[in-house]
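A.B. asks: Below are the structure tokens for one structure; questions will follow.
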Amino acid sequence: MSAKDIQVVQSVVVVCIIFILSQLPFLLYSTARLIEPEFSDKGRYVYLFRLCTTISLTCSFLNASVNIFVYFTYNSKYRAAFLTIFNVDQKILRR
């Protein structure tokens, strides 16, 4: 494989790992809701439910935010477009 192919594979693996890790709290949260009927916004475990909901949503938001940096790091076309759109001088990044 060429260096470019290896870089593509690395970026896909990183994005997949980040996605799986960020969705794990939601999977656990959903499983808990199926197993324990009191795990709801009106049930016995309301505070734990709210905490888990917040963690789950935060992880999903972080997934979307982190992907920008992964693409910026691994994809030269994305990086060039990003720098052009936000009018960033590339000389600044080389320091």
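Using N, Cα and C of the backbone, Cβ positions are placed for all residues, glycine too.
Where the annotation comes from TrEMBL, it is an automatic prediction and has not been curated.
Pulled these features from TrEMBL for this protein:
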{"type": "DOMAIN", "residues": "1-71", "note": "domain 'G-protein coupled receptors family 1 profile'"}
{"type": "TRANSMEM", "residues": "12-35", "note": "transmembrane segment"}
{"type": "TRANSMEM", "residues": "47-72", "note": "transmembrane segment"}
A.B. asks: Need one number: mean pLDDT over the domain 'G-protein coupled receptors family 1 profile' (1-71).
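C.D. replies: Computed over the domain 'G-protein coupled receptors family 1 profile' (1-71), the mean pLDDT is 94 on the 0 to 100 scale.
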A.B. asks: Per DSSP, what is the helix/strand/coil residue tally across the domain 'G-protein coupled receptors family 1 profile' (1-71)?
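C.D. replies: Split by secondary structure, the domain 'G-protein coupled receptors family 1 profile' (1-71) comes out as 59 helix, 0 strand, 12 coil.
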